[in-house]
Amino acid sequence: MSLLSGLLSTGHAFAVLLALTGAVLLAFGTHAQHAAVTRPGRPTGIRRLLRTPLWLLGGALIVLETVFNVVALGLAPLALVQPLGTASLVLAVLIGASRSPLTREVVFAVLLTSGSVAAFVSISAQHADHSPASPEAAGLLAALLLAGSALGVVIARSAAGHLPRVAAAGILFGCVASGAHVAAARFLTGEGLPLPVWVVIAALAPASAVGIWLVQTAYASGSAATVLAGLTVIDPITAVTVGTAVLGEYGTLPSSSLALLAASAAGALWGVRLLVGHRHGTLHGPRSPAVSSSADTMGDAHREGVPLHP
């Protein structure tokens, strides 16, 4: 049995393991880069950061997380994999507990978020379909990626406020995750890559770049806590929505399962809100996106513990 067929035969459990491992890597990678930026005598500017071993180690962990997440997206439905990214926020809070003890409110938020995500993923595993996307669905997703990228450029260059930038970035990254899922799933299952899937693959690069651009302008125009909360919430919601409405991952759901999915999603959103509020407190107020340089913006984000990686 080949390695590929062996992976596919493990079912969704291996994909969940990969996604959770990726969340751990992201949490520690972000922590390493945060420490490199905030320690005494820290380097300033992107060129100096690129020569800082701790910052590079964090970057390597984040790159490895990306690989793990893409493979996980290829092995399981979006509704199973993407919500697990919230685990990185939970872990980041626990890592930070070495500097400040956890309060009962934070413990409650950690348990609420973890339990809600676990419930959502467990229910999704029973009803989500992992059949490779049809060429028609891939074509529609490609159109969404291209249109979203164009709209993102308009928002990034406009005088739009902080929240539209956060929302646009979260939606774009959710669509990017959906595109990675479509391409990886068809490749791993040997279904072939028809032209619409190649268009999806080609659209991933500009969509990712525009999403990162939006995140940087969002950092410069408002609270980094809002950026983190927005990406943590909007990204998986968008991915699950695309998986349901465009890729047809869910069949007909019983009303009881639908109610449980909605309740677990609401619980996860509440938990994320509590965690972000604890982790960041009251942060700096809005600024014009044009005020900060990209290096200053990146430093501000890391000083507040926010990953540059979505």
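Cβ from N, Cα, C; glycine included.
Copied from TrEMBL, the annotated features are:
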COMPBIAS  299-310  compositional bias 'Basic and acidic residues'
REGION    283-310  region 'Disordered'
TRANSMEM  12-32  transmembrane segment
TRANSMEM  53-73  transmembrane segment
TRANSMEM  79-97  transmembrane segment
TRANSMEM  106-125  transmembrane segment
TRANSMEM  137-156  transmembrane segment
TRANSMEM  168-189  transmembrane segment
TRANSMEM  195-215  transmembrane segment
TRANSMEM  227-246  transmembrane segment
TRANSMEM  258-276  transmembrane segment
Query raised in the report: Where among 12-32, 137-156, 227-246, 258-276 do we find the most Cβ pairs under 8 Å to the transmembrane segment (168-189)?
Result: 227-246
Query raised in the report: Does the transmembrane segment (12-32) reach the transmembrane segment (195-215) with at least 3 CB pairs under 8 A, where each pair is 6 or more residues apart?
Result: no
Report task. Using Cβ atoms only, state whether the transmembrane segment (137-156) and the transmembrane segment (195-215) have three or more pairs under 8 Å that are 6 or more apart in sequence. Result -> yes
Query raised in the report: Under an 8 Å Cβ to Cβ limit, what residues of the same chain, 6 or more beyond the ends of the transmembrane segment (195-215), are close to it?
Result: 133, 135-136, 138-139, 141-142, 145-146, 148-149, 152-153, 155-156, 165-166, 168-169, 172-173, 175-176, 179-180, 182-183, 186, 227, 231, 308, 310
